């Protein structure tokens, strides 16, 4: 009997720590067979897999993921693969999991609709992982931004009411939606202001887009995002409406908070008088038929670029319309009122110029100044064909879109990707260097230089998933897995040196394997 107890004690001593000290949810599926993982990815469309160097390395993550699994039950699946286990090693190699660096003990990979989606690189917290699994393509939580540590982040109506009841200091509360572009613009300034006024005023944020916050939206008249409300001792006083403000503007306003001043409505351009003809859905066709040469500016009252161009356009109209020998006229259309015309001419940005010769629409170059308007209207000529875009040029750069991004990268051992916008001046400066780098490695089948135009509609989700916040952004991928953000020199020498270092590492590892044999 004593020997039996001794044997049991011995077994207890060698039991893995996680079995004895970590409560792992039965909702976490442990997998070691590649076929089992393949089957699971085929039948589940939202899977987060924890790959660990060993059982011990996985311990703290398993504790956290056990709670996550319960929170996303029915919406997502969590699996665990112990790469230190002999049976699982083959699976980890097949899934291209590299835990060889000394400081790398675990990896979290997300799979969606049966395919690799991304390496999880957001905050490893209950709230962040749950939010990610409930919306894998959604933006990170605001509180994940290290710069937002001084903003009080509110998650529930209960927490909001508690804050109002207990907070003695003045409170500036931003009600926002995660997808809102205006919110994203002001957030960095809001959080910077929060740091500057810390100890004197509380700045807080709350995502009220979910339907459970309808009561709060109704109570505080949230009709758009963001809506920023000012409170003192829990009592709502008024809204802060300077949504284009900087951190300094917010801090200055908080020194003496005042309600918004009633805005004086702007006089419509058509009512100001002037030399430009203002056309509508009803009279546009007749006007264009009666005038042999018409340049039309489609505009919107709120558009800053339109306001900047308006005096130039008016001055040019005054000159042209006062010249008896000139047959050209300038006209304007408010696209927010005359929606039929805006739709007919596919107006999607402001200002947009359209030119009509004898009633027929013709191409018009980019014109913005009084001088250019006059010169061109005195001698309208078809503009030269636009230069081919980077994507249209014959180069060795792979131009990827959301549909083929993952599959293409998985086929290349080393890929440097440039996320860019065609209008971005920094991008234009880098493009020749990046193109030359791609040409230099065009014969190496394991290397690729790729580019993604983030302005294209079909790429916007992809650029958001890859956390692209500025242009250009460079990411290095190893068989489709994001390894690091490239932040070295943006020159041909910088790019080629980085890639050559990667290839030299490949050769050293190959030589070492040969020596081991």
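Backbone N, Cα and C define each Cβ position, glycine as well.
Since this is a predicted model, take the numbers as computed values, not measurements.
Close to residue 92 (disulfide bond) in the fold, though at least 6 residues off in sequence, lie 51, 81, 83, 99, each with a CB less than 8 Å from its CB. Positions annotated as disulfide bond by Swiss-Prot: 83-92 (among others).
DSSP assigns residue 180 (disulfide bond) to coil in the three-state reduction, outside any helix or strand. The Cβ neighbour count for residue 180 (disulfide bond), using a 10 Å radius over every protein chain in view, is 16. Sequence annotations record features per position, and here Swiss-Prot assigns disulfide bond to 180-183 (among others) based on sequence analysis.
If you look up Swiss-Prot, you'll see 303-306 (among others) marked as disulfide bond. Following the DSSP three-state reduction, the secondary structure of residue 306 (disulfide bond) is helix. Listed in sequence order, 297, 299, 300, 350, 351 are the same-chain residues six or more apart from residue 306 (disulfide bond) with CB atoms under 8 A from its CB.
Same-chain residues at least 6 positions away in sequence with a Cβ under 8 Å from that of residue 427 (disulfide bond) are, in sequence order, 418, 420, 421, 471, 472. The disulfide bond annotation in Swiss-Prot covers 424-427 (among others).
The domain 'Thioredoxin 1' annotation in Swiss-Prot covers 132-259. Secondary structure of the domain 'Thioredoxin 1' (132-259) per DSSP (helix as H, G, I; strand as E, B; remaining residues coil): 53 helix, 27 strand, 48 coil.
Helix, strand and coil content of the domain 'Thioredoxin 2' (268-382), in residues and according to DSSP, is 43 helix, 25 strand, 47 coil. Summarising the annotation, Swiss-Prot assigns domain 'Thioredoxin 2' to 268-382.
Summarising the annotation, Swiss-Prot assigns domain 'Thioredoxin 3' to 376-504.
Summarising the annotation, Swiss-Prot assigns motif 'Prevents secretion from ER' to 514-517 and lists sequence analysis as the type of evidence.
Under the heading signal peptide, Swiss-Prot lists 1-21.
Spacing of residue 183 (disulfide bond) relative to residue 303 (disulfide bond) is 19 Å (Cα to Cα, whole number). The predicted model assigns the domain 'Thioredoxin 2' (268-382) a mean pLDDT of 91. Counting Cβ atoms from all protein chains shown, residue 424 (disulfide bond) has 16 others lying within 10 Å of its own Cβ.
Neighbour counts of Cβ atoms within 10 Å were taken for the disulfide-bonded residues 83, 183, 303; the minimum is at 303.
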